[in-house]
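Input: one structure, supplied below.
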Amino acid sequence: MSILIDKNTKIITQGITGATGLFHAQGCRDYCNTQMVGGVTPGKGGGEIDGFPIFDTVEEAVEKTGANVSVIYVPPIGSADAIMEAVDAGLDLVICITEGVPVLDMVKVKKYMEGKKTRLIGPNCPGVITPGQCKIGIMPGYIHKPGPVGVVSRSGTLTYEAVWQLTSRDIGQTTCVGIGGDPVNGTSHLDTLRMFEEDPDTKAVIMIGEIGGDAEEKAAEFVRDHMTKPVAAFIAGATAPPGKRMGHAGAIISGGKGDAASKKAFLRECGISVADSPAEMAEALLKIWKP
Amino acid sequence: MNIHEYQAKAILRNFGVPVPEGHVVYNSNSARDWAKRLGDGPWAVKAQIHAGGRGKGGGVKIAKTPDEVKQFTRDMIGMTLVTHQTGPEGKLVKRVLVESGCNIADEFYVSFLVDRATSKVTLMASAEGGMDIEEVAANTPEKIFFEAIDPTVGMTAFQARKVAFKLGFAPAQVKQAVPLLKNLYTAFVEADCSLLEINPLVLTADGQLLCLDAKLNFDDNALFRHLRIRDLRDYDEEDMMEIEASQYDLSYIALDGNIGCMVNGAGLAMATMDIIQHYGASPANFLDVGGGATIERVTEAFKIILSDEKVEGILVNIFGGIMKCDVIATGVVEAAKQVGVKVPLVVRLEGTNVDLGKQILAESGLDIVSADGMADAAEKIVKAVKG
């Protein structure tokens with residue numbers, strides 16, 4: 001078991017004829033035979049690229065391939081439209097990798113998605129991987145290993161760091177979810193923790209947060225009130241000055257809210273094992289859980 | 001991206017929002033001329049820098065005669081204005097806004113921003129105008145009113161009325177507030193703002209609502225569809241090194257410490273700064289070289305880090321995913337040779353082709369300390385710098 005994706009997941013790539021889209025579609029196909037069943041590029045339907053059939057619309061791609069998930073590499077100017085097209089086609093899950101999507105486009109997308117069944121991960125995220133079964137996104141597959149720990153994070157390379165700390169200690173992962181660094185995104189830390197709590201194979205969770213907003217605090221309340229599984233966490237940005245954007249649009253301390261110290265303190269109050277150093281994320285989990 | 005107050009007011013005026021008549025000037029003679037053209041005094045003379053709290057630092061003056069306008073402008077242009085938002089180094093004033101003054105009967109606060117929790121644009125308003133809203137939020141949060149706005153229908157009249165009545169407006173002002181708030185929302189959305197703040201929104205002695213100050217911040221990700229707004233970027237207001245870095249797609253922010261950092265990925269870059277502090281030193285910068293770092297970009301990153309005289313050591317922390325460690329190692333070696341790194345350099349590589357990467361570093365003949373893991377890397381650089 002796992003969350004969101006597994007070996008039966010069938011994926012189409014929106015923006016497959018772009019260099020990035022094709023490169024990662026190939027990379028995902030090479031990982032444990034992930035079922036990358038085709039791609040969408042409007043105007044190039046009927047063609048083929050490196051064995052991937054191309055379709056003009058998501059609707060057609062779904063009809064012909066039976067895909068239930070889409071991954072988006074479409075540039076920012078068309079990302080919101082691409083997400084809505086995937087939602088309209090009734091996919092279960094849409095993962096938007098694209099960085100730089102305007103925030104107000106995402107506000108419209110979120111409204112459009114109300115009442116629809118599709119779940120969105122991202123934008124501005126590395127993607128989702130269920131080790132040994134299915135990789136969707138830009139993460140390096142080989143650092144992962146199947147096992148019992150769920151990982152959720154806003155950041156890409158910091159997630160790799162956490163995963164690597166686990167894998168080096170011979171601890172595998174159920175699913176690793178990169179929810180993205182933007183202020184308005186599809187799936188929150190809280191949503192992901194809920195899924196990990198319901199997944200019988202996930203025995204423990206590492207949650208990686210950042211300064212800015214209060215998404216980590218909301219997730220921590222869920223851990224305190226409803227979660228039966230141990231959770232460890234790290235919050236990046238203890239040294240970030242207020243009012244400065246640290247790369248991610250979401251990672252900004254404003255109005256005295258969202259700083260690392262208060263986040264860490266609150267997470268600890270909620271029973272989460274918080275690592276003070278990013279080198280100790282796996283250690284923080286092992287303090288409260290034995291594999 | 002931020003713009004100046006006078007530019008924000010010009011944009012708002014185009015959306016039908018009431019703002020005072022005024023003009024930006026670059027010298028004192030021109031200031032006096034514009035004061036006369038604007039009609040009778042008094043006039044407000046306002047230093048234009050990208051920071052709030054200007055009044056307390058002497059950046060906002062009320063002039064009674066055109067000669068006073070000239071005098072105040074002369075005082076302001078060329079002065080270094082220090083406010084609680086500029087930092088102790090302050091900002092050099094190069095432009096001044098001369099505006100018609102007004103008689104203020106009451107002051108209010110109005111802003112729009114994107115609320116992450118609801119994923120909606122939210123109107124925030126308070127009768128405590130002219131004050132720092134963060135203070136109001138901390139001390140009397142019940143005095144701030146919120147309205148989340150549905151993106152499909154936009155700001156509705158009833159929402160504007162609700163807020164206007166809560167602010168204590170008389171019926172005549174509620175009537176003015178409805179189009180004013182609706183127009184502010186339209187401006188926010190049409191210009192892809194990340195923040196639109198009117199503080200204060202004033203009620204004049206003759207019963208008119210007027211936006212006496214205006215602050216607009218824009219979503220950098222949306223500037224591709226707002227070329228005119230993008231042209232308003234004032235490079236004088238930004239850190240030289242940050243501008244230089246952005247030309248090479250490097251995300252760089254200068255900080256106060258003495259250990260320069262070069263990292264791939266924003267989250268890992270923040271975490272690297274944190275671990276330096278964890279081991280008792282301070283980072284000199286945030287620097288994300290991104291996912292597709294080339295030798296050229298790594299070289300530029302080194303140049304930028306080393307141009308900061310405070311830097312006494314450099315920590316390179318790369319988790320290669322798509323980016324291969326041997327490519328990064330070659331870049332680091334090339335860059336170090338070109339730039340001539342004279343401070344301790346600790347490199348931590350992990351990920352794809354890590355062994356090859358470490359071998360390249362070891363065989364380079366350069367004085368590069370290799371580290372295993374983030375903790376080891378941080379310990380080594382802190383030790384090297386502190387001695």
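Every residue, even glycine, has its Cβ placed from backbone N, Cα and C.
Where the annotation comes from TrEMBL, it is an automatic prediction and has not been curated.
Since we're looking at a predicted model, the values are computed, not measured.
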Of A:LYS44, A:LYS64, A:LYS117, which does TrEMBL put in the CoA site with A:THR17, A:GLY18, A:ALA19, A:THR20, A:ILE97, A:THR98, A:GLU99?
A:LYS44
Which one of these binding-site residues has the most other Cβ atoms within 10 Å of its own Cβ: A:ALA19, A:ILE97?
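Of the binding-site residues A:ALA19, A:ILE97, the most buried by Cβ count within 10 Å is A:ILE97.
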Measuring Cα to Cα, how many angstrom lie between A:LYS44 (CoA binding site) and A:TYR160 (substrate binding site)?
35
Measuring Cα to Cα, how many Å separate A:TYR160 (substrate binding site) from A:ILE97 (CoA binding site)?
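On Cα coordinates alone, these residues lie 16 Å apart.
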Measure the Cβ-based neighbour count of A:GLU99 (CoA binding site), defined as the other Cβ atoms within 10 Å of its Cβ.
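There are 23 of them.
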On the 0 to 100 scale, where does the mean pLDDT of the domain 'CoA-binding' (A:4-101) fall?
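On average, pLDDT over the domain 'CoA-binding' (A:4-101) sits at 96.
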Which of the binding-site residues A:ALA19, A:LYS44, A:TYR160 have a Cβ lying under 8 Å from any Cβ of chain B?
A:TYR160
Could you state, as a whole number of Å, the largest distance between Cα atoms of any two of A:THR17, A:GLY18, A:ALA19, A:THR20, A:LYS44, A:ILE97, A:THR98, A:GLU99, the listed CoA binders?
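Binding-site diameter by Cα atoms for CoA: 24 Å.
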